[in-house]
Amino acid sequence: MSEERLSFQAEVSRLLDIVAHSLYSEKEVFLRELISNASDACDRLRYAALTDGSLLGDDRDFKIRIVADKDAKTLTLIDNGIGMNRQDLVDNLGTIARSGTSAFVKNLSGDSKKDVSLIGQFGVGFYSAFMVAEKVEVFSRKAGEATGWRWVSDGQGSFTVAEDEAAPARGTRIVMHIREAETEFLEEHRLRHVIKTYSDHIAVPILLGAETTDSVNAANALWTRSKSEITEEQYKEFYHHVGHAFDEPWLTLHWRAEGVIEYTGLLFVPQQRPFDLFDPRRAHHVKLYVRRVFITDEAEGLVPPYLRFLKGVVDSEDLPLNVSREMLQNNPVLTKLKAGIVKRVLGDLNKKAADPEQAADYARFWDAFGAVLKEGLYEDYAHRDDLLKLLRFRTTESKGELVSLATYISRMKEGQDAIYYITGDEKSAVEKSPQVEGFRAKGVEVLLLTDPVDEFWVGSVRETDGKPFKSVTRGGADLSKIKGEEKPEDEKKDKASDGDLSALTALLKLTLGEEVKDVRRSERLTDSAVCLVADDGDMDIHLQRLLKQHGQLGADAASKRVLEINPGHPLIRRLAEKATQDGAASSLEDAAWLLLDQARILEGETLPDPLSFARRMAAFVEKGLG
Ligand SMILES: Nc1ncnc2c1ncn2[C@@H]1O[C@H](COP(=O)(O)OP(=O)(O)OP(=O)(O)O)[C@@H](O)[C@H]1O
């Protein structure tokens, strides 16, 4: 086939532009990226050869060779891994395969400084070669295939592919034509240092020079070494490699299990949320190995979705080496591995969570991954108690600090028998909700739940330690039973008389008719005149809104709300007085609708009839101005 010229996917061009022009201060990381890819290629061939031994031929020892040629100003990296055919080259080196990354690049701001620091968080993989090279040639031949290929690009929007017999017998040779300013990467000592720093953990030998047979790296799988032999730095570099990550691990778990099943786990909890954390597939990122052979990074069932932030490796001694990815489904060994992983991870998280000295550190984890962990509360009943201990909340009383359920319970007021919460989209908004006023006045703490998942777990967990979870926007507020810290003047505050209030309530019910389920005097309001609540047994207001937004609830399936009025509010007092007068029904009609609309606005809802609202409002203001 003759040479073809193809364009890079738009996102790749964008990425290359940033890579070439702005740049990381640490250009040396390009080598780590290419070595990481070469090692993955060896892993994949090792796995493929389990079912088709002929793929390896006589060349059975995997290696990565790096050769610098100062005269030609080229740096060459050769692996005898799985290799790429024409289609692979076009797909892998012309597009960004990972969907999260691709979407991310699409949304880059165009401000190169900002973009570079963001890209630094996930790396640019193969394309980082263009940080040091003005031209890159990739010669490759896929294992088991006859034809070799050459891919060439100067990173300027396009590349060429053509058949080429100069490709290695199997695997990939990447030739980088090093820029004048980057010739330091042709110096052996510099290369050796970079390899030692970033790639020592790579399990395939890395040979520096055309002839040498001595590897620069230790060349055994990091997780097989004993903990005492591994430095923090090495763990970190391994985490970068295995997790395609660029932050520091927040927690490193390295353990060997011997007993019912035998395996080694080396798992990391990242510091930062990866971009695809809320991807609907909820896939995890833990690689499964069987006796040092990479099997798959998609073993569904190895890690539950609520721990999908974990990165790392699990290496089993019990699974058969020829286990196919299909065979892994419903495999009893896999089930046991999963049980071991969950126990270990939750145990270590609980140690961190329980240590007051590490509260600030745990808070960082919680802010990154708490929302994901909460999914386990309704998906993994067996570990619910462990998970409940890990929960942290911001509350109306916590001044931004995180509070555990145990702390909340220890601070409950006399007569308080429920754990109160409010759900919503944003902390600042729920904190100011009228429904929490009465609780705040009494010093009764209310959990502020602002993750969408919150609605689902509170609905499923229902209670802890004998204390039910209760929404402050649903049902009666039963605040009168609680001995709080209210100030005496609150008690004495003028309230509408019972008779007047009953008249107003009746009038509002009549006027608003089908728009509300009921109108009641409120126990929970102190400052606002009105608010909406869901009736006991009805769906919480925020949950209704959430389900509607996601098309899970028809417009008419929503249950009606109860309008609560504050007997101590001057406006309600005045209206109550008027409600007993003749002709009140018609003179207060506009006021009734305005009260309801006000409650809707406080709830963050759009008004069903904004035009009428504006008309009534204008009329009132006009009257007020005399
Ligand atoms: N030496 C190689 N041998 C075989 N395939 C390779 C090699 N180098 C790259 N590839 C293929 O090209 C793809 C893209 O590589 P690239 O480094 O850009 O991204 P990645 O490795 O998937 O992710 P990351 O951005 O985290 O490095 C790889 O997933 C792999 O399929």
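Keep in mind that glycine also has a Cβ here, set from the backbone N, Cα and C atoms.
Just so you know, TrEMBL annotations never went through curation; they're auto-generated.
For E33, N37, D79, M84, N92, 99-100, 121-126, T172, R325, the entry in TrEMBL reads ATP binding site. With a cut-off of 8 Å between CB atoms and residues at least 6 apart in sequence, the same chain places E33, L34, N37, N92, L93 near F126 (ATP binding site), listed in sequence order.
What TrEMBL records for 480-498 is compositional bias 'Basic and acidic residues'.
Among the features that TrEMBL reports, domain 'Histidine kinase/HSP90-like ATPase' is placed at 26-182.
For 1-325, the entry in TrEMBL reads region 'A'.
Per TrEMBL, the feature region 'Disordered' maps to 469-498.
What TrEMBL records for 546-626 is region 'C'. Confidence across the region 'C' (546-626), taken as the mean pLDDT and rounded to a whole number, stands at 89.
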According to DSSP, which kind of secondary structure is N92 (ATP binding site) found in, if we only use helix, strand and coil? helix
Any idea which of the binding-site residues E33, D79 has the thinnest Cβ neighbourhood at 10 Å? E33
For ligand 1, pick out the binding-site residues D79, N92, F126, R325 that have a CB under 6 angstroms away from one of its atoms. D79, N92, F126
Counts of helix, strand and coil residues, the region 'C' (546-626), according to DSSP: 48 helix, 5 strand, 28 coil
Count of other CB atoms lying within 10 Å of the CB belonging to N92 (ATP binding site): 17
Mind giving me a neighbour count for V124 (ATP binding site)? Other Cβ atoms within 10 Å of its Cβ, every protein chain shown. 23
